[in-house]
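**Q** This is the feature table in Swiss-Prot:
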- HIS75, HIS77, HIS245, ASP320: Fe(3+) binding site (BINDING)
- HIS75, HIS77, HIS245, ASP320: Zn(2+) binding site (BINDING)
- ARG84, TYR147, HIS180, GLN248, THR325: 4-imidazolone-5-propanoate binding site (BINDING)
- TYR147, ASN322, GLY324: N-formimidoyl-L-glutamate binding site (BINDING)
Amino acid sequence: MVIELRDTDIIWRNARLATMDPAVNAAYGLLKEYDLVVRDDKILAILPTAALQTSRCQVIDVQQRLITPGLIDCHTHLVFGGNRAYEWEQRLNGMSYAELSAQGGGINATVSATRASSHEQLERSAQQRLTAFMAEGVTTIEIKSGYGLNLENEEKLLQVVQHLAQHNPIEISPTLLAAHTCPPEYKHNPDAYMDLICEDILPQLWQKGLFEAVDVFCESVGFNLAQTERLFQAAQRWNIPVKGHVEQLSHLGGSELVARYHGLSVDHIEYLDQAGVESLSHSGTVAVLLPGAFYFLQETRCPPIDLLRQFNVPIAVSTDFNPGTSPFASLRMAMNMACVQFGLTPEEVWLGVTRHAARALGREPRHGQLRAGAYADFVVWDAENPVDIFYELGHNPLNTRVFRGVMTHSSIYNR
């Protein structure tokens with residue numbers, strides 16, 4: 001293969017590439033002693049090091065370090081006001097969630113704090129969290145609303161997300177989660193709140209270009225199937241993709257409903273059954289595992305991993321970063337947890353934070369793979385093997401982070 005190189009191209013030389021490309025017949029799509037050629041914001045070519053002659057363009061010798069696609073976190077609640085650490089302490093001291101809620105705690109505490117926070121306050125706190133994700137190699141992240149629960153404050157949250165996307169070297173997928181829970185003012189009339197979402201919040205914020213998918217908490221303590229379907233029908237009228245928090249605490253059938261609307265993903269899924277798994281297999285919907293919430297809530301029922309494998313359902317892994325049930329801004333830790341708690345293999349976990357996570361956000365195949373034509377979003381690690389990245393926690397093996405072809409975190413010297 002002959003490549004005509006330009007002076008502005010960049011060659012990342014002598015690498016171990018975990019491409020995650022299904023066309024590469026090896027675990028992790030691993031290629032040893034290969035060069036990665038970047039032109040502008042995309043990968044131009046991947047070739048054996050010996051096959052590519054040095055030209056006048058920039059050459060960066062990574063000295064057999066591991067290069068992977070940039071990590072993708074496909075489920076976070078990154079923007080919120082307040083802090084729930086005191087509530088966690090109270091729970092650890094024996095107070096029940098019902099008692100905390102009666103005192104104004106729980107999700108309503110976050111809603112109140114978020115409503116009381118200014119744009120600037122929310123931007124500052126969210127920026128600190130986002131910086132932590134980027135420092136671990138995340139190049140694409142999903143961020144949900146869901147702590148405003150009225151038009152004004154859901155718009156405020158999504159405007160903060162938009163601001164973060166405009167001022168950081170990371171791709172952000174914004175999701176409308178107005179159907180997170182009923183706000184206090186609609187506590188006894190959830191159908192009326194769903195009216196507000198479907199008739200006002202969703203269409204107005206969609207027309208302002210503030211989100212790209214709709215999510216819902218479909219659960220016995222959230223919204224029922226009929227209410228969830230009303231939301232999906234409203235989204236369908238605007239051709240908006242849907243996804244759902246489903247089967248976390250009980251089996252309600254939410255996964256099958258998401259699949260019926262060809263949803264992007266079903267998330268949590270501890271109580272998913274075989275009928276639900278089969279529906280996901282037919283629709284191509286991604287199963288997103290959230291081990292941080294499983295750990296923090298001390299759950300005991302794991303998602304049906306063997307069934308997902310049996311029916312070839314793509315599995316993604318995410319942090320579910322949020323203040324109440326998963327306050328962990330580390331996708332590497334979620335990867336470790338997914339292996340230890342759920343029994344995923346390291347390769348399944350890597351697929352879950354690259355190719356399958358990209359699919360869960362409607363971004364395959366230009367994200368989550370190292371291949372010609374994909375975006376040049378990748379990470380150089382001080383490591384030899386993919387499993388090294390999340391085996392040992394407590395220090396960060398990231399050497400260089402590249403977003404759209406540009407180094408954003410680096411300790412490599414050009415050679």
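Heads up, the Cβ atoms here are built off N, Cα and C, so glycines get one too.
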**Q** Around the Fe(3+) site recorded as HIS75, HIS77, HIS245, ASP320, what other same-chain residues have a C-beta within 8 angstroms of the site's C-beta center?
**A** THR76, LYS144, ASP267, HIS268, LEU290, ALA293, SER318, PHE321, ASN322, SER326
**Q** Can you tell which of the binding-site residues (HIS75, HIS180, GLN248, GLY324) has the fewest other C-beta atoms within 10 angstroms of its C-beta?
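**A** Ranked by other Cβ atoms within 10 Å, the binding-site residues HIS75, HIS180, GLN248, GLY324 bottom out at GLY324.
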**Q** Report, as a single number, how many Cβ atoms besides its own are within 10 Å of the Cβ of HIS245 (Fe(3+) binding site).
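**A** A count of 30.
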**Q** Given the recorded N-formimidoyl-L-glutamate site (TYR147, ASN322, GLY324), which additional residues of the same chain have their Cβ within 8 Å of the Cβ centre, ordered by sequence?
**A** HIS77, PHE80, ARG84, ILE107, THR110, GLY146, PRO323, THR325
**Q** Which one of these binding-site residues, ASN322, THR325, has the sparsest Cβ neighbourhood, judged by other Cβ atoms within 10 angstroms?
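**A** Looking at the binding-site residues ASN322, THR325, the Cβ with the fewest others within 10 Å is that of THR325.
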**Q** Between ASN322 (N-formimidoyl-L-glutamate binding site) and HIS75 (Fe(3+) binding site), how many Å separate their Cα atoms?
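**A** Cα-Cα, rounded: 10 Å.
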**Q** Reduced to three states, what secondary structure does DSSP give ASN322 (N-formimidoyl-L-glutamate binding site)?
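**A** Note: ASN322 (N-formimidoyl-L-glutamate binding site) is in a strand by DSSP.
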**Q** Among all the protein chains here, how many other CB atoms are within 10 A of the CB of TYR147 (4-imidazolone-5-propanoate binding site)?
**A** 32
